[in-house]
Every structure is written in structure tokens, then in C-alpha cells.
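Notes follow the structure.
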Amino acid sequence: MKQSAIALALLSCLITPVSQAQTSQNINILENRAAQGDITMPGGARRLSGDQTEALRASLNDKPAKNIILLIGDGMGDSEITAARNYAEGAGGYFKGIDALPLTGQYTHYALDKKTGKPDYVTDSAASATAWTTGVKTYNGALGVDIHENPHTTILEMAKAAGLATGNVSTAELQDATPAALVSHVTSRKCYGPSVTSEKCPGNALEKGGKGSITEQLLNARADVTLGGGAKTFAETATAGEWQGKTLREQALARGYQIVSDAASLAAVTQAGQDKPLLGLFAEGNMPVRWHGPKASYHGNLDKPAVTCTPNPQRNETVPTLAQMTDKAIELLSKNERGFFLQVEGASIDKQDHAANPCGQIGETVDLDEAVQRALEFAKKDGNTLVIVTADHAHSSQIVAPDTKAPGLTQALNTKDGAVMAISYGNSEEDSQEHTGSQLRIAAYGPNAANVVGLTDQTDLFYTMKAALGLQ
């Protein structure tokens with residue numbers, strides 16, 4: 001039913017005038033996807049409150065976008081979204097951000113073998129981020145370069161060159177693959193600072209005539225707003241170039257960056273631009289996650305009681321949430337009359353999936369949803385903003401029957417429904433679960449949002465964003 005309605009809307013391309021009442025009704029049909037009633041009753045589990053045809057037609061907008069907000073749930077496959085929704089909202093519930101975008105598709109995401117150029121069906125975050133930031137497929141571990149190690153201009157670099165404000169927000173270290181792909185070009189994602197770059201990416205090192213480590217390239221890229229973790233690497237000392245002998249933090253300050261380290265100092269910032277770009281460093285490494293709970297274990301769903309996730313005491317009021325960082329980035333970037341490009345990453349869905357920690361993973365998905373809500377609130381008021389929500393790769397968690405005797409690691413959770421949901425991680429040994437290669441959900445709202453519908457590839461996202469902003 002959904003697919004036929006989308007096809008009808010896209011094929012007809014008849015955008016008819018609608019009244020304010022019709023618009024309100026259309027928005028409700030598309031966005032309110034909660035179950036309509038008692039799920040034990042006939043029709044109670046239905047999510048549709050009416051025909052979608054007019055609502056979808058009204059959502060189509062082929063005008064250029066002034067702004068783009070791209071939100072990435074790292075490792076957020078369909079299973080991760082469903083598990084988080086079941087736990088936090090219930091089986092008949094819905095996310096007011098992730099589930100509220102009207103136009104939805106699926107995209108493929110594979111890397112390439114560096115030697116043969118053939119598909120590597122399971123991508124890492126570096127190759128996947130390079131795909132949507134440059135439009136180029138590459139090998140796992142590469143950032144901003146192709147399989148021949150040639151650099152390619154990123155969407156952030158293009159936006160900045162066109163006079164747009166730019167932002168890069170993540171709950172990970174800012175040197176981690178997803179944020180780093182916007183601002184760096186290195187042969188290995190491990191090259192965070194000068195010392196490791198000299199060892200693992202010698203061709204990228206400043207002393208060899210390269211562009212430097214990821215952190216040095218981040219400073220050179222000079223996005224207007226950069227927020228996340230990774231303060232530890234900024235304590236490293238430059239080993240070559242103009243800033244040799246100074247720490248990367250000292251370099252940032254000398255080059256005019258305003259550095260903040262907690263929620264209060266972030267909230268106090270009122271301006272950020274090329275004269276005084278904002279650099280938020282809120283953790284030595286990755287930022288603390290929202291929820292705690294036991295990691296999955298062998299037969300954990302059978303041998304241990306179901307648990308309820310608890311708040312992480314390390315994420316106190318001094319640590320800005322992803323929604324708060326998104327809000328501040330939008331507030332600052334939207335002051336540029338030419339528009340802006342902003343990428344926001346909920347990084348630890350992936351990291352907690354690797355650790356087989358369902359509470360950590362679910363809490364980070366809820367965090368991302370709150371950030372999506374903030375982006376949509378701005379986009380609806382602004383009218384010229386394209387919001388896109390997707391992931392970089394799929395991951396290992398699966399929802400299984402509570403009494404399953406699974407071969408992998410499992411943990412049972414008490415959901416909002418008062419029911420038990422078991423999560424299983426079974427594609428790797430106990431130390432770290434691995435990515436998976438199934439296609440991913442991509443959803444959008446605003447100008448050019450229709451270009452995510454149907455089956456696309458991760459590289460299509462780069463061209464969709466480039467065209468929407470009219471970048472050359």
C-alpha cells in the first residue's frame with residue numbers, strides 16, 4: 001500500500017493547492033504513525049489513519065534547498081531501529097523524528113577491494129562515509145580517497161567553497177571515520193594525529209609533503225561548527241609544518257578557534273564563523289552514552305532476568321546531548337544568509353552494537369531520534385531545508401524469541417509494553433560483533449527529498465545533496 005501510494009505520487013507529479021486544514025491533515029497522516037488503538041482489537045495495530053496519496057503529493061518539493069541537515073545513525077540498520085522503538089515506545093509506538101520523514105527508500109552500501117576493485121560486500125564506516133561525502137566507492141579504512149589513494153573533494157568542502165556555513169557534529173571522537181570523512185583525505189582511518197600518521201600513513205604526513213593527520217586536516221578544513229569528542233588527540237604535538245612543536249589544541253587557539261568543553265560553555269556561544277569557528281571537545285575519547293545495562297552473554301536471555309536500562313551517571317548535565325549539539329549547530333549556522341550544510345552523527349549505536357550492549361545501543365538510537373526531531377522542527381519553520389536520515393552500514397543485533405537458545409550472545413529487556421524482548425548478537429566471537437551488509441533505510445523531508453525514494457546507492461546521496469544545494 002505504501003509503495004503504490006509513493007509510486008502514484010511520484011509518477012503523477014501533480015502538486016495541487018491545499019488548504020491549511022488539508023495541510024494539517026496531510027502532516028498528521030504522514031507523521032503520526034502510532035498504532036490507532038488497542039493492538040488486541042481488529043484494526044487496533046493499524047498505523048495508517050487514511051489514504052496517503054494527497055499527503056505524499058503535497059510533500060513533494062523540487063525546488064533547490066538552501067540548507068541540508070544530514071543525520072547519520074552509525075550502524076543503525078532496520079533491526080537497530082526496531083529494537084529501539086520496541087523498547088522505548090512499544091510495538092505500536094513510533095519515533096517522532098526517525099519515523100516522521102515522509103519519503104523513504106533503501107540504499108546499497110558496499111566497499112571495494114583495494115587490489116581488485118571488486119565489491120567488498122560489508123563496508124566499514126570509513127569507506128561508507130567516503131561514499132556519501134565524495135560520491136566515490138573506496139576500500140575499507142580509506143577516508144576521502146579512492147582505491148588508488150587519489151583524494152576527492154567532499155560535500156562539506158564544496159559547500160564551504162560556495163560560501164555556505166558548514167557544521168560537523170558527532171558523539172564520537174572527531175577523528176573517527178564518519179566526521180573525519182567530511183574534512184580529511186588519508187589512506188588509513190587510524191591516522192588520528194601526527195605520530196600515528198608518520199607510521200601508518202607516511203604519504204599523508206606533513207614531513208612527507210602530505211596534508212597531515214586527520215586532526216590537522218580538520219583544523220585546515222575550518223568548518224564553522226565542529227562538535228564531539230576526541231580531545232586527547234588535540235594534545236599531540238605537530239612534528240612538521242608551520243605549527244611544528246605546538247600541540248594541535250594550541251594551534252587551534254592560535255588560528256582563532258573558540259574551544260568549549262561542556263554544555264554550559266556551548267550554550268553560551270552566540271556566534272561562530274570563519275573568523276572564530278567553534279570547536280567543541282566534550283570528551284577525551286568518545287562521548288558517554290545515554291543508558292547503561294548488562295552486555296549480552298551466552299544464553300543471557302535464558303540464564304539471566306530481563307532488565308530495564310538505567311541512565312549513565314557519566315552523562316550528567318555537563319555533557320551536551322546530541323539534540324543540544326544539533327540545536328546549537330543549527331542556531332549558529334542558520335545565521336549565514338547563503339545557507340548551510342550540517343552533518344550530525346549518532347556514533348555509538350555502532351560502538352555499543354560492537355560491544356553487544358543492547359541498552360547502550362538503544363539509548364543512542366533514542367538520542368539520534370531526538371536530534372532528528374530538532375532538525376525537523378527547524379526545517380518545517382524554515383521551508384528551505386532538506387533533512388536526510390540514514391545509516392552508514394547495518395549491524396549485528398537481531399530480535400529473537402525470548403526463549404531462543406541462540407548460539408551467540410543474548411540479553412532480554414523489559415520494554416515499554418511490559419513485555420520481554422530478547423536481543424541476540426551472533427555474527428562474531430565474544431570480543432566484538434561485526435557489521436553486516438544488508439541494504440539500509442534512507443528517509444528525507446523537504447526540497448529534493450523524493451530523490452531518496454526507491455533503491456539507490458550510498459554514493460547517490462552525495463549527488464542528491466550536491467544537486468539540491470546547486471554545488472559545482
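One-based numbering along the chain as shown.
Yeah, the Cβs are placed from backbone N, Cα and C, and that goes for glycine too.
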Member of Cys201, Cys309 annotated by Swiss-Prot as disulfide partner of Cys191:
Cys201
Going by the Zn(2+) 1 site in Swiss-Prot, where Asp350, His354 are listed, which of the candidates His185, His292, His435 is also part of it?
His435
Per Swiss-Prot, which one of Asp74, Asp78, Asp99, Asp113 shares the Zn(2+) 2 site with Asp392, His393?
Asp74
Taking each of Ser125, Asp350, Cys359 in turn, which of these recorded positions have a Cα lying within 10 angstroms of the Cα of Asp176 (Mg(2+) binding site)?
Ser125
Long-range same-chain neighbours of His354 (Zn(2+) 1 binding site), Cβ under 8 Å, sequence gap at least 6?
Gly75, His395, Ser396, Ser432, Gln433, Glu434
Around His435 (Zn(2+) 1 binding site), how many other CB atoms lie within 10 A of its CB?
24
If you count other C-beta atoms within 10 angstroms, which of the disulfide-bonded residues Cys191, Cys201, Cys309, Cys359 is the most crowded?
Cys191
What number of additional C-beta atoms lies within 10 angstroms of the C-beta atom of Asp176 (Mg(2+) binding site)?
27
Nearest to Glu345 (Mg(2+) binding site) by Cα distance: which of the recorded positions Asp74, Cys191, Cys201, Cys309 is it?
Asp74
Relative to the Cα of His393 (Zn(2+) 2 binding site), which of the recorded positions Ser125, Thr178, Cys309, His435 have a Cα no more than 10 Å away?
Ser125, His435
For a quick check of packing: other C-beta atoms within 10 Å of the C-beta of His393 (Zn(2+) 2 binding site), how many?
26
